[in-house]
Amino acid sequence: RFIAKPCAINLGIQDSGPHRAQPNAILEKVFTSITKSPDGKRLEGLSKQLDWDVRKIQRWFRHRRNQDKPTTLTKFCESMWRFTFYFSIFFYGIRFLWTAPWFWDTRQCWYNYPFQPLTSRLYYYYILELAFYWSLMFSQFTDIKRKDFLIMFVHHLATIGLITFSYMNNMVRVGTLVLCLHDASDFLLEAAKLANYAKYQRLCDAFFMLFGVVFIVTRLGIYPFWILNTTLFESWELIGPYPSWWLFNGLLVTLQVLHVIWSYLIIRTASKALVRGKVSKDDRSDVESSSEEEDVTSNSTKGIFSTSSNGSNRLNGHVAGSQWTGE
């Protein structure tokens, strides 16, 4: 409110939403009481009732869905808040871990375990991260529902479970490594979103490409060969198979599976960006495109009905295209 909004206004971002649908009592009643995405049969019936073209009705429902979505200014402020947190917590973690012996030698995570002191800096680092991921868990149900809702829900559950579990079992040393590694790329994605909302396309592309490189290096390189190696093998060697070994490593492997899925989506987006010359719109976009109407031939009733807002070229009501992926 006091920092992000003035910054957005100075960058020329207006507090105006998508095009609003013209008032229509019949369509509004259908939208609020029956369905927000009518099928072909209902579209045909509304067309006869209102004497409107089917494509005009499709367009009305698209505009009506979009007018409830947050404005670019709102999304900019949200991304700036997340960028601020990710950026701050990452460099706090780096500064703290730089002098920690287990940052340079992961075997130190298990020496004298579980009798390892919990310093105040380590405690606050853990509590801040846990509080933030709990906030993401709750806000997911109030934010606009995106295509990766289920993946993000599983990710937040696994992350909260890992932070809580490692804290209760005093595995905070290896826990700090996992947290810092995950924070390394998140602020770059939010920076790319900020540039995108401000319409700085080249800066947006640069941040996104940098995010993709850092994400893949940390999640597909450092994470499995550094983190999973110490939790799976070094811990077994130094302290033996402790009772919760399977649960702890199961959650860590779950995160690795999600890393692979997101890496695929990032690579797909980057390849499309190279072909098109720029990073395209978020595949989880909040505002729907009109492509479903524009791709329809006007002389084919069957074609019109087969491309309703839940057509085969869409996922969860969003245009299938290139993707902003991130945790």
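Placement of Cβ uses the backbone N, Cα and C atoms for every residue, glycine included.
As a whole-number mean, the pLDDT of the domain 'Homeobox' (27-71) in this prediction is 80. The feature domain 'Homeobox' is assigned by TrEMBL to 27-71.
According to TrEMBL, the feature DNA-binding region maps to 29-72.
Sequence annotations record features per position, and here TrEMBL assigns domain 'TLC' to 74-275.
Positions annotated as transmembrane segment by TrEMBL: 83-103 (among others).
Counting residues 6+ beyond its ends, the transmembrane segment (123-142) has Cβ neighbours under 8 Å at 85, 89, 92-93, 96, 149, 152-153, 156-157, 159-160, 163-164, 167, 172, 175-176, 179 in the same chain. Summarising the annotation, TrEMBL assigns transmembrane segment to 123-142 (among others).
As annotated by TrEMBL, transmembrane segment applies to 207-226 (among others).
The transmembrane segment annotation in TrEMBL covers 246-267 (among others).
TrEMBL lists 283-327 with the feature region 'Disordered'.
The compositional bias 'Polar residues' feature in TrEMBL is assigned to 301-315.
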Residues sitting near the transmembrane segment (246-267): Cβ under 8 Å, six or more positions beyond its termini, same chain?
151, 154-155, 158-159, 161-162, 165-166, 169, 171, 178, 211-212, 215-216, 219-220, 223-224, 227-228, 231-232, 283, 323, 325-327
